[in-house]
Amino acid sequence: MARKPGQDFRSAQSGLSELKSRLFFVIGALLVFRAGSFVPIPGIDAAVLAELFEQQKGTIVEMFNMFSGGALERASILALGIMPYISASIVVQLLTVVHPALAELKKEGEAGRRKISQYTRYGTLVLATFQAIGIATGLPNMVNNLVVIDQTMFTLIATVSLVTGTMFLMWLGEQITERGIGNGISILIFAGIVAGLPKAIGQTIEQARQGELHVLLLLLIAVLAFAVIYFVVFMERGQRRIVVNYAKRQQGRKVFAAQSTHLPLKINMAGVIPAIFASSIILFPGTLAQWFGQNGESSTFGWLTDVSLALSPGQPLYVMLYAAAIIFFCFFYTALVFNPRETADNLKKSGAFVPGIRPGEQTAKYIDKVMTRLTLAGALYITFICLIPEFMMVAWNVRFYFGGTSLLIVVVVIMDFMAQVQTHLMSHQYESVLKKANLKGYGR
């Protein structure tokens, strides 16, 4: 059978067309996300709200506001952002380890994954509702004249608006994952972080222009930033490869020769979750002090002010607890997402083995030993990245828009996005090659 002229070209064009449509979908979804972050909750005085957020520097509120792309400081319907979904996902992952029914559900393949995703949505709804009620009832008590309508009506409207906004973002993230490129939730967080980058760069340049920030110091910070980004990319791509062999075996009339492959284990298996949770916990007392401890010693919660001062960025106690929290969550979350015993059992069932290690229990212990060392290295790496901005702020008295957590998220999401694009292009190249081979075989 003769091959039609231009068939390869049309196949390549089809692959590029699909990639373009996915990219345009991601861009469109991000535009909707950014537009939604400017839709305010009815009944709030914007000027009073702006003054309130000036007092929230260095608290958990500032971090969540950055993740939401500034939606929180504008009291947008998307102010809660996607954090309730992340929290619900981690809770459900923890339950799949400790709850037998969910553990079995996890093993049921695609059907089990869909069921777990549904439970995550329910958890997101519950967490978003509690957080929305907290914000709706807490905001009017933080400052006078913030709410310009009846407080009961505002509580109802704000709660419904915030919960709806979070559920919409969850749906939008799932649509990006399915119809776009990359992990939709990560891309939304990435978009929220980089949305404030132009403003931060403009403020930094203005400080340098007015002499508040020396030009040489600015150049040094830029060089260090590029060096840290390079280091993050290097560490995120790093992995330990455990050699795995498959013995010669026979299935029916087919004989499969002995094969050798490897089991890749990432240095940073936990990703950015430990940094996010550690920041949330360390900054939480300061946030409570801002909300409840503003009346000093006469307040019931006045002691929170002393705690928040001890845990303010740059303080020795803050640095030690922050580092300890990151290391703890690295080991904790890695234990949730990776099970050495399950991996060893899967290798044994498939007829694979690690050279020099007995299949089963001994293999599980060996993988656990390797993973523990990798997790320690990954935890120290994340701690180093997250503490660099803290040390620089103390040494040079310069405030950074990008903390270590934000930098990790941005770099990891970009790397994942580029890998997804490359995988998509490669899959279409393989598809084109296979079609060509099939047509040649058919034409003989």
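We count from 1, first residue shown onward.
Quick reminder: no glycine exception, Cβ is built from N, Cα and C everywhere.
Non-local neighbours of the transmembrane segment (24-44) in the same chain are 68-71, 74-79, 139, 146-149, 153-154, 157-158, 161-162, 165, 168-169, 172, 175-176, 179-182, 184, 187-188, 191-192, 195; each lies 6+ residues outside the stretch with a CB under 8 Å from one of its CB atoms. The feature transmembrane segment is assigned by Swiss-Prot to 24-44 (among others), with sequence analysis given as support.
Summarising the annotation, Swiss-Prot assigns transmembrane segment to 77-97 (among others). Residues of the same chain lying 6 or more positions beyond the ends of the transmembrane segment (77-97) and with a Cβ under 8 Å from any Cβ of it are 33, 36-37, 39-41, 64, 67-69, 71, 103, 105-106, 116, 119-121, 123-124, 126-128, 131-132, 135, 161-166, 168-170, 173, 185, 188-189, 192, 273, 276-277, 333, 335-337.
The feature transmembrane segment is assigned by Swiss-Prot to 123-143 (among others).
Same-chain residues lying 6 or more positions outside the transmembrane segment (153-173) and placing a CB less than 8 Å from one of its CB atoms are 29, 32-33, 36, 41-44, 76-82, 84-85, 121, 124-125, 128-129, 131-133, 135-137, 139-140, 147, 183-185, 187-188. Among the features that Swiss-Prot reports, transmembrane segment is placed at 153-173 (among others), with the record citing sequence analysis.
According to Swiss-Prot, the feature transmembrane segment maps to 181-201 (among others). For the transmembrane segment (181-201), same-chain residues at least 6 beyond its ends with a Cβ under 8 Å from one of its own Cβ atoms are 19, 22-23, 26, 29-30, 33-34, 37, 66-71, 81-82, 85-86, 169-170, 172-175, 401-402, 406, 409-410, 412-414, 416-417, 420-421, 424.
Annotation comment: Swiss-Prot describes 215-235 (among others) as transmembrane segment. Here the transmembrane segment (215-235) has long-range neighbours at 204, 208, 267-268, 378, 381, 385, 388, 392, 396, 398, 402, 407-408, 411-412, 415, meaning same-chain residues at least 6 beyond its ends whose C-beta is under 8 angstroms from one of its own.
Annotated transmembrane segment per Swiss-Prot: 269-289 (among others), in sequence order, evidence recorded as sequence analysis.
The transmembrane segment feature in Swiss-Prot is assigned to 318-338 (among others).
The transmembrane segment annotation in Swiss-Prot covers 376-396 (among others). For the transmembrane segment (376-396), the residues of the chain that approach it from at least six positions outside its boundaries are 217, 221, 224, 228, 231-232, 235, 266-270, 272, 274-275, 278-279, 313-314, 318-319, 322-323, 326-327, 330-331, 334, 402-405, 407-408, judged by C-beta separation under 8 angstroms.
For 400-420 (among others), the entry in Swiss-Prot reads transmembrane segment, with the evidence type sequence analysis.
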Discussion item. If we skip the immediate neighbours and take only residues 6+ beyond the ends of the transmembrane segment (318-338), which ones have a Cβ under 8 Å from one of its Cβ atoms?
Written reply: 90, 93-94, 97, 269-271, 273-275, 277-279, 281-282, 310-312, 371, 375, 378-380, 382-383, 386-387, 390
Response to the item:
Per the Cβ under 8 Å criterion, with at least 6 residues separating them from its ends, the transmembrane segment (123-143) contacts 44, 48, 51-52, 75, 79-80, 84-85, 87-89, 91-92, 151, 154-156, 158-163, 166-167, 170, 291
